[in-house]
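Q: Here you go, one structure.
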Amino acid sequence: MLSAASRVVSRAAVHCALRSPPPEARALAMSRPPPPRVASVLGTMEMGRRMDAPASAAAVRAFLERGHTELDTAFMYSDGQSETILGGLGLGLGGGDCRVKIATKANPWDGKSLKPDSVRSQLETSLKRLQCPQVDLFYLHAPDHGTPVEETLHACQRLHQEGKFVELGLSNYASWEVAEICTLCKSNGWILPTVYQGMYNATTRQVETELFPCLRHFGLRFYAYNPLAGGLLTGKYKYEDKDGKQPVGRFFGNSWAETYRNRFWKEHHFEAIALVEKALQAAYGASAPSVTSAALRWMYHHSQLQGAHGDAVILGMSSLEQLEQNLAATEEGPLEPAVVDAFNQAWHLVAHECPNYFR
């Protein structure tokens, strides 16, 4: 007769056997390919500013050699120099057999608008600078609250019909505006937006609450800019720098510096970074990855981005060395759970003053 303990073990074994999939099912599961990785896009905002043409060419070459194919620029980047440099690289952008994809953007700033004439003028100027017949992705860089959105979207439809761009993208729009735009485009038979570019990183997660569900509903993929919070998540800055040495970068010495300081340069953000640094040391010891590496690994492995949806991270840089370090970080694996927990604590520390993702 079986003892009570034996009966318990036997029942457990039967229960496990009933729950375990048959060998062929296990083999099928093991043979499935891993889920698609979150993609990487090269952000070119510093080309023509802190990176000259040769440095920019080297960066693009290094990026493409890693197997990535998407480049991101804008009409306004470096007063047009970013597009001009990219156009001079001989990549054959916009050609039918070109494996490199290029995105640019029209904006409503500095005397421009998203009225039909301005949208057309900006895109056609961008095409001349890029030396290509069409761009793969054309963004509306931010809302133009002084122009009816129907006018802008109708203009985009005409430009798309003329073959000047393939996909339509949105950037810095509120979720309700995305819903309105998708509804208008669908009801009018106009080209629907398929990509949204927005601000997202380990300590800036406002997009998760309402925007991400909206994008999933309407089928837009998400491309994240500022994955390092403008460089703050490198850990190289100190809060006191704003009153002291003011190192050249996103936060000092350029026309967008004040915008970036207002976005991220807050005491709680520096406290949050210190918290992550402490967790990295505790989890990894002498072999601890940099804050930069950890922040990028969080984006690729622990954020709400999904490769299956076509989501991507936009990697900016101010030098080839910086780009190569960032690309190496994107190829590293997930973080230790304690570090992921520290990033979550860091987010809760700064969530109350998170900058809006929309403008």
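For all residues, glycine too, the Cβ spot is worked out from N, Cα and C.
As the structure is a computational prediction, the values presented were derived from the model and not from experiment.
The phosphoserine feature in Swiss-Prot is assigned to Ser40, Ser255. The NADP(+) binding site annotation in Swiss-Prot covers Asp72, 171-172, Gln197, 226-236, Arg250, 318-326. The active site, proton donor annotation in Swiss-Prot covers Tyr77 and is backed by similarity to another entry. Sequence annotations record features per position, and here Swiss-Prot assigns site 'Lowers pKa of active site Tyr' to Lys105 based on similarity to another entry. Residues or ranges marked as N6-acetyllysine in Swiss-Prot: Lys128. Among the features that Swiss-Prot reports, substrate binding site is placed at His141, Tyr260, Arg263, Arg359. Sequence annotations record features per position, and here Swiss-Prot assigns N6-succinyllysine to Lys236 based on similarity to another entry.
What's the neighbourhood like for these features in this structure?
A: Within 10 Å of the C-beta of Ser40 (phosphoserine) there are 24 other C-beta atoms, taking all protein chains into account.
Around Gly230 (NADP(+) binding site), the same-chain residues six or more apart in sequence whose CB sits under 8 Å from its CB are Arg250, Phe251, Tyr260, Arg263, Phe264, listed in sequence order.
Remark: Tyr77 (active site, proton donor) has Thr44, Met45, Met47, Gly48, Glu83 as non-local neighbours, by Cβ distance under 8 Å and separation of at least 6 in sequence. Annotation note: Tyr77 (active site, proton donor) sits in a helical segment as assigned by DSSP.
Lys105 (site 'Lowers pKa of active site Tyr'): 25 other CB atoms within 10 A of its CB, across all protein chains.
All protein chains shown were included, and the count of other CB atoms within 10 Å of the CB of Lys128 (N6-acetyllysine) stands at 13.
Under DSSP, His141 (substrate binding site) is assigned to coil, being neither helix nor strand in the three-state scheme.
Secondary structure at Lys236 (N6-succinyllysine), taken from DSSP and collapsed to helix, strand or coil, is coil. Sequence-distant contacts of Lys236 (N6-succinyllysine), defined by Cβ-Cβ distance under 8 angstroms and a gap of at least six in the same chain, are Pro247.
DSSP assigns Ser255 (phosphoserine) to coil in the three-state reduction, placing it in neither a helix nor a strand. For Ser255 (phosphoserine), applying a Cβ distance below 8 Å and a minimum sequence separation of six or more within one chain yields no residues.
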Q: Relative to the Cα of Asp72 (NADP(+) binding site), which of the recorded positions Lys128, His141, Arg359 have a Cα no more than 10 Å away?
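A: The recorded positions passing the 10 Å Cα test: none.
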Q: Just to verify a number: CA distance, Ser318 (NADP(+) binding site) to Ser40 (phosphoserine), in angstrom, no decimals.
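A: About 17 Å separates the two Cα atoms.
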Q: Residues with Cβ closer than 8 Å to the Cβ of Arg359 (substrate binding site), same chain and 6+ apart in sequence?
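A: Arg359 (substrate binding site) has long-range Cβ partners Ala142, Pro143, Asn172.
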Q: Just counting, how many other CB atoms are there within 10 A of the CB of Arg263 (substrate binding site)?
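A: Excluding its own Cβ, Arg263 (substrate binding site) sees 22 Cβ atoms within 10 Å.
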Q: So of all those recorded positions, Ser40, Gln322, Asn326, which one's Cα sits nearest to His141 (substrate binding site)?
A: Ser40
Q: Rounded to the nearest angstrom, how far is the Cα of Ser40 (phosphoserine) from the Cα of Asn326 (NADP(+) binding site)?
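A: Approximately 11 Å lies between the Cα of Asn326 (NADP(+) binding site) and that of Ser40 (phosphoserine).
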